[in-house]
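Student: A single structure is presented below for examination.
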Amino acid sequence: MPGPLPPTEVYASERVVVLVSCVLSFLGSSLLVCTHALWPELRTRPRQLLLYLSLADLLSALSYFYGVLQDFDRTSWDCVLQGALSTFSNTSSFFWTMAIALYLYITIVRGSPTGTGLLCCFHVVSWGVPLGITVAAVALKKIGYDASNVSVGWCWVNLDAEDRVLWMLLTGKVWEILAYVTLPVLYVLIKKHINRAHAALSEYRPILSRAPAFQPRTSIADKKLILIPVIFIILRIWSTVRFILTLCNSPAVQNSVLVVLHGIGNTFQGGANCIMFVLCTRVVRTRLFSSICCCHYDELDWPLQRSNNHWQCPEPHKNKDVPGPERTKPLLSST
């Protein structure tokens, strides 16, 4: 590899943009964790995997936030700590993203039963492999200041390490490139399987009176299925571009647009997942907005309702034509 490039200067405006991205990712990941904790009926196996991905993205957003805020200019103890945390969480995020795709492929395409054994394998690989790599990198003193040529102010692989390219691959890039290939292949196979299933049932649709009502919902699910690998690649590709430019010793690696795109792409994964699986998922979005509206309603009316020194929620107007809570089914599916 050619001699290292001079350090990339991260301007204040670029840091602000990346810090905002970190905050949004933190809030998005926190919202995903909260919805899983508050509503047991949403705890399906895919969303359980999404919970672990959100935890990894949460830790990643925190570590990147500290790194961008500090804008390290040398290797120090907090630089190593931040680099180790971001390396572990970022690599774990790759593994959990691929685990979700693999789980959907096994259950939808293969139709194979999945139990706790598969989940245990996901835990061992998605937490264990990143942890082992990170511990080895720290023990061998490979984590440190990287001059922001393959980062945006945070620490990663030490610029002075002779085998820095190998460790850049092991601590992130090889898994990132593997995800670029694996995710599109798995999701294309899943979508093709769903399309074949739809085609096989098409001859029965004329006699199914409710079939048209389900077509928009199916279309939305198919679009979301396509968006998962597309959004992942759009977010992550900029860090790969800067990595390749660094290997080529190209000064284009210091381009401000590339730096900002790299910073947003590495830090906004939690926010993107929140948009897709909370704000763009009707079941979760409806439940979330209903809870917010209910809380707002209670805050407006609580001073008017008091009995025996305890605050009570106002009792809704009773109407015999409107079914009570016990007569209605929750509008929540297992999606």
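Glycine is no exception: its Cβ is also placed from the backbone N, Cα and C atoms.
Automated prediction, rather than curation, is the source of TrEMBL annotations.
Look at TrEMBL and you will find 315-329 tagged as compositional bias 'Basic and acidic residues'. Per TrEMBL, the feature domain 'G-protein coupled receptors family 2 profile 2' maps to 14-281. According to TrEMBL, the region 'Disordered' annotation covers 315-335. For 16-37, 49-67, 87-106, 118-140, 166-190, 225-245, 257-280, the entry in TrEMBL reads transmembrane segment.
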Student: Hey, does the transmembrane segment (118-140) touch the transmembrane segment (16-37), meaning at least 3 C-beta pairs closer than 8 angstroms, sequence gap 6 or more?
Tutor: no
Student: Please indicate, using numbers and ranges, the residues of the same chain that are 6 or more beyond the transmembrane segment (166-190) and have a C-beta under 8 Å from a C-beta there.
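Tutor: Same-chain contacts beyond the ends: 87, 90-91, 94-95, 97-98, 101-102, 104-105, 108-109, 133-134, 137, 142-143, 150, 156-157, 225-226, 228-229, 232-233, 236-237, 239-240, 243.
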Student: Using a Cβ cut-off of under 8 Å, list the residues of the same chain at least 6 residues beyond the transmembrane segment (87-106) that approach it.
Tutor: 45-46, 49-50, 52-53, 56-57, 59-60, 63, 112, 114, 118, 122, 125-127, 129-131, 133-134, 137, 143, 156, 171-172, 175-176, 178-179, 182-183, 186-187, 189-190, 228-229, 232, 266, 269
Student: Can you tell me which of 118-140, 225-245, 257-280 gets the most C-beta pairs within less than 8 Å of the transmembrane segment (49-67)?
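Tutor: Checked against 118-140, 225-245, 257-280; highest Cβ contact count belongs to 257-280.
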Student: Mind checking which residues reach the transmembrane segment (257-280)? Cβ under 8 Å, same chain, six or more beyond either end.
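Tutor: Residues 8, 10, 14, 17-18, 21-22, 24-29, 31-32, 35, 47, 50, 53-54, 57-58, 60-61, 64-65, 68, 90, 93, 148, 151-153, 224, 227-228, 231-232, 234-239, 241-242, 245, 288.
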